[in-house]
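Engineer: Take a look at what TrEMBL says about it:
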type	residues	note
TRANSMEM	114-131	transmembrane segment
TRANSMEM	151-169	transmembrane segment
TRANSMEM	181-200	transmembrane segment
TRANSMEM	237-259	transmembrane segment
TRANSMEM	271-290	transmembrane segment
TRANSMEM	311-332	transmembrane segment
TRANSMEM	369-387	transmembrane segment
TRANSMEM	408-427	transmembrane segment
TRANSMEM	433-457	transmembrane segment
TRANSMEM	464-485	transmembrane segment
TRANSMEM	549-568	transmembrane segment
REGION	592-628	region 'Disordered'
COMPBIAS	595-609	compositional bias 'Polar residues'
């Protein structure tokens, strides 16, 4: 069967041609142009194409079957049944491509991209969990350091190095190919983590300026313990920064940039959510790995540095996973055909900090959305650092601290996996407003319990002793629950709510609002909590002395967060209703006739019916749809 356009005979023009504007309907244009409205009606000229009064002919046999002797010529509407019958001999229709082979309903071409991407994402997240747990153990449990180092480390070391790295990455992106850029960025990470486990950590006692840090601490006082600890354990701080950059660079920039490069939009909609579930599976397995290596100390002889042995084992796995990522990237680039992209680029508004601030202030909707982002960043930092200081008091050795963090990562992965499965039900049953208030409510309830155990642990100590716990251990467990539930709620509910809030906005506000929040609110939320803690530590002498004030600040911020979520819910609902009303109006507008009828006798289209008002000279069958 050949799908071709056939034209037989001569075209006969109407006796009184008129110039008309033809406005095709997008949803029904193909149907009305190539198939009759009433297939049962007989054509006036079976050997040639019929011509409607508006001057447009309808060709017979756009999809035709071979004619046998004595068989009438007939029209074949473009419908599934006829198309299936026409292609029964295995040949594709006109304009169609041959179907590609499938496995379990998924094209093999797609599987060749999705499976390696899923494995890459698993390896990257597996490494990130190990590195995230290890960096906290190194900087918190090191001699002469504590959890008070974290706010200073994030502000004065991590942030400048992140900015410097992105500037360097931008320069390299202009001179290197995409593949060369990928290897140039990821290989230094792999080399550093391998060198740290086998060289830097075993020799750290020889190049850490411990004596200089002790002298400065005696001069400046204990309130400068955090800043001086950065100098004291500078190699551990470098590991901390590299672990943080692995999360922001390798995951956000390298992986998602590569995934967006090789996948189509339809593939992304179908498979990207599965990557989120796979990330939590990696979290569970990596947590068990950290737990296993942290317990190796129990099987070693006395006097052996168990943490050094554990660190070598975990860094070996990180290096092996890193080379696996490189291999998968190489395999995809050499065995998968990349989809073609449009050369047209969308212009994104480049907003500076002051322009972003002005835009944030001008829109109440964007202000409320910015409050959500900033409040989460500050709240999670206020609780997390205080919890880690109590965690060191309960588990002072690196192996004990690391073993607990392994259990913590596993529990976070399980909770997030379950919450992701429940999130769709929460959105469909309770809506955006309830989903947006789950995260601050969890933070508020668990935060109140955590700070209450710290501040009022003495009076309830006898009650806790009956359960075999001290106030410190109870605070550690409640703080762990707070971090587990708040992070799982953040990944499964808060992030989708934040992205959904942009959808009903007009295009200009949507693009500019997202740019403003990315420029101002994300860094402000991350560094705001650290700056508050630095001010408290320098003012009250230590993190423990400032705990009551941090609890009060957390309460105020979470209440402001809940108020902004409630306000944003009302605005979001109003915009959604307005959008639905516009869609209903657009659907109603589809029923407007394509060609208006006039007193000249020409027909008109109105939905599915055809009306011939007064007969006319264009057709011998005024009541037939052929006159349309």
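Glycine too: its Cβ is placed from the backbone N, Cα and C atoms.
All TrEMBL annotations are machine predictions without curation.
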Engineer: So if I exclude everything within five residues of the ends of the transmembrane segment (151-169), which remaining residues of that chain have a CB under 8 angstroms from its CBs? That is, six or more out.
Structural biologist: 139, 181, 185, 226-227, 230, 237, 240-241, 244-245, 248-249, 253, 381, 385, 523, 526-527, 529-531, 533-534, 537
Engineer: Should the transmembrane segment (549-568) and the transmembrane segment (369-387) be scored as in contact, given a threshold of at least 3 Cβ pairs under 8 Å and pairs 6 or more apart?
Structural biologist: yes
Engineer: Between the transmembrane segment (311-332) and the transmembrane segment (181-200), do 3 or more CB pairs sit under 8 angstroms, pairs being 6 or more residues apart?
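Structural biologist: Stretch pair touches.
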Engineer: What else in the chain is close to the transmembrane segment (408-427), if you only count residues 6 or more beyond its ends and a Cβ gap under 8 Å?
Structural biologist: 129, 132-133, 276-277, 280-284, 286-288, 290-291, 434-435, 438, 480, 483-485, 487-489, 491-493, 496
Engineer: Per the definition of 3+ C-beta pairs under 8 A with sequence separation of 6 or more, do the transmembrane segment (311-332) and the transmembrane segment (464-485) touch?
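Structural biologist: In this chain the transmembrane segment (311-332) does not contact the transmembrane segment (464-485) - fewer than 3 Cβ pairs sit under 8 Å.
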